[in-house]
Amino acid sequence: MAFASVLKDAEVTAALDGCKAAGSFDHKKFFKACGLSGKSTDEVKKAFAIIDQDKSGFIEEEELKLFLQNFKAGARALSDAETKAFLKAGDSDGDGKIGIDEFAAMIKG
């Protein structure tokens, strides 16, 4: 698991179980359930780097669609509606992607 150095496996499993059904993903509930919302700034930066698959310095829509799979192989992809809602929630400057500061604000929010 890519997040082994940051998150506990049991918390990740519980968070993923909470959004198994299509359309049930809620980023606030997920971040709280997996324990990310209580992590340090450095740990949040590590999480961002894992999710930023292309290392562009931003999390784009395609990376958000596969967001859950970063936590556990075989997890479902987010639906288009979930992906767009997630992007809208995190993209505070309207550039169509989520930067590290936006990601940190979303986790702590």
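Using N, Cα and C of the backbone, Cβ positions are placed for all residues, glycine too.
For Ser56 (Ca(2+) 1 binding site), the number of other Cβ atoms no farther than 10 Å from its own Cβ, over all displayed protein chains, is 11. Among the features that Swiss-Prot reports, Ca(2+) 1 binding site is placed at Asp52, Asp54, Ser56, Phe58, Glu60, Glu63.
Mapped onto three states, the DSSP output places Asp91 (Ca(2+) 2 binding site) in coil. Spatially close to Asp91 (Ca(2+) 2 binding site) yet at least six residues away along the chain are Lys97, Ile98, Glu102, judged by Cβ distances under 8 angstroms. For Asp91, Asp93, Asp95, Lys97, Glu102, the entry in Swiss-Prot reads Ca(2+) 2 binding site.
Taking the domain 'EF-hand 1' (39-74) as a whole, pLDDT averages 96 in the prediction. Swiss-Prot lists 39-74 with the feature domain 'EF-hand 1', giving sequence analysis as the kind of evidence.
The domain 'EF-hand 2' annotation in Swiss-Prot covers 78-109, and the record cites sequence analysis as its basis. Under 8 Å from some Cβ of the domain 'EF-hand 2' (78-109) lie the Cβ atoms of residues 22-23, 25, 27-28, 31, 36-37, 39, 41, 44-45, 47-48, 51, 57-61, 64-68, all in the same chain and six or more residues away from its ends.
Residues or ranges marked as N-acetylalanine by Swiss-Prot on the basis of similarity to another entry: Ala2. The DSSP secondary structure for Ala2 (N-acetylalanine) is coil.
Under DSSP, residues within the region 'IgE-binding' (22-41) fall into helix, strand and coil as 12 helix, 0 strand, 8 coil. Per Swiss-Prot, the feature region 'IgE-binding' maps to 22-41; the stated evidence is experimental evidence.
The closest partner of Asp52 (Ca(2+) 1 binding site) among the recorded positions, by CA position, is Ala2; the full candidate set was Ala2, Asp93, Asp95.
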